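*Asks:* What follows is a single structure, and I will ask about it in a moment.
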Amino acid sequence: MPIKLLMPALSPTMTEGNLARWLKKEGDKINPGEVIAEIETDKATMEVEAVDEGTLAKIIIPQGSQNVPVNSLIAVLIEEGEELSGIEEFIAKNNSNSPKKEEISKPAETIAPQNVKEENITTASDQNNIKVFASPLAKRLAKIQNVRIEEIKGSGPHGRIIKQDVLSHKGGSKALSNKIVSRNPEEYRLAPNNNIRKIIAKRLLESKQTVPHFYLSIECNVDKLLDIREDINKSFGDDKSAKISVNDFIILAVAKALQEVPNANASWGDDAIRYYNNVDISVAVAIENGLVTPIIRNADQKNIVDLSSEMKGLIKKARENKLTPEEFQGGGFTISNLGMYGIKNFNAIINPPQSCIMGVGSSSKRAIVKNDQISIATIMDVTLSADHRVVDGAVGAEFLAAFKRFIESPALMLLYTR
């Protein structure tokens, strides 16, 4: 008997998703555990594994389809030796939960305005109503070149004018070379927004419109941190996979500071403020389609080596679109680090419903005054963005002071555990 493949629910709140890509085609043999498709939710693109064994007999929902309801019939498997003759009847009987064709968006297409192949023939008319057959690109080049296109003889099928005809037209090549070298005929390209980009836009717009942000900045001397990091990494020898990053120390310092200042580990609710009992830290990670924030849970209870290893694993999964909902949903505080891009400081946008996000800038050598003497130190800028409904200025300042103490004296946070 044919086996139904249904649109899976990849999180408790998921009601629909996009079928981004089929990794198998009709006629392919499927084994349990094989990845057969990629489903795009409002948070991430996730792989779907087969549960049953069989042959992919019919793909019902094509790749690129959007807004496919959960539990819709997306494909059908048949068992070994089973005939295809009754497959259409089976689909007709079992496709009642599937969305109607008009309810599912067509696969997203890449739109490139004015970037039309020369084979696409269009008809143009001049002021004297003389019909001219030319490709859109040829017409645009003729306009840039300031040449009357009806004066150009076409060499394409049925006498149509193509790009090369415009380029080789007498008096045209020189003018064109002077004008088009520094300007692309296609003014722009359009990239359809995927679900990840849409949800980022929605949440950040909501944050800036509804959350009263305020910002606190501080400078941290990271010379001791860099020294102790170097000593730790030397102990790993040539094992680069075990190396501790500056960001690992930042995560641990934030965790210890939240342990000391729990009022910064909170979120706003209309009826009550939630003060979190666990220190779960979201870390912003750039991916091809946008941004995700995997979570280090109970970060205050972990040593620097374990925390670093866990963070590396989460980053790898994030960039491979393999994070599970439990690994990126929740969290009480976010860290966004742009220091590796040379950004000195920035004001990050709060990730609702959290009340705080800390933007970390680059480290650089600067002159400082110490004991009335000018000396050189490695300084890192950090900026706390906080929700003033939850975090008062004094609480934000207290948190940054605790963070600064841990980051400037890293031995404290390496020893300071519950």
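Using N, Cα and C of the backbone, Cβ positions are placed for all residues, glycine too.
The active site annotation in Swiss-Prot covers His388 and is backed by sequence analysis. Among the features that Swiss-Prot reports, domain 'Lipoyl-binding' is placed at 2-78. Annotation comment: Swiss-Prot describes 133-170 as domain 'Peripheral subunit-binding (PSBD)', evidence class sequence analysis. Taken from Swiss-Prot, the feature N6-lipoyllysine applies to Lys43.
Show me how these features fit into the shown structure, please.
*Replies:* Neighbours of His388 (active site), defined as other CB atoms within 10 A of its CB across all chains, total 14. In the three-state DSSP scheme, His388 (active site) is classed as coil.
For the domain 'Lipoyl-binding' (2-78), the model's average pLDDT works out to 85.
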*Asks:* Can you tell me how the residues of the domain 'Lipoyl-binding' (2-78) break down into helix, strand and coil by DSSP?
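*Replies:* DSSP classes over the domain 'Lipoyl-binding' (2-78) add up to 0 helix, 41 strand, 36 coil.
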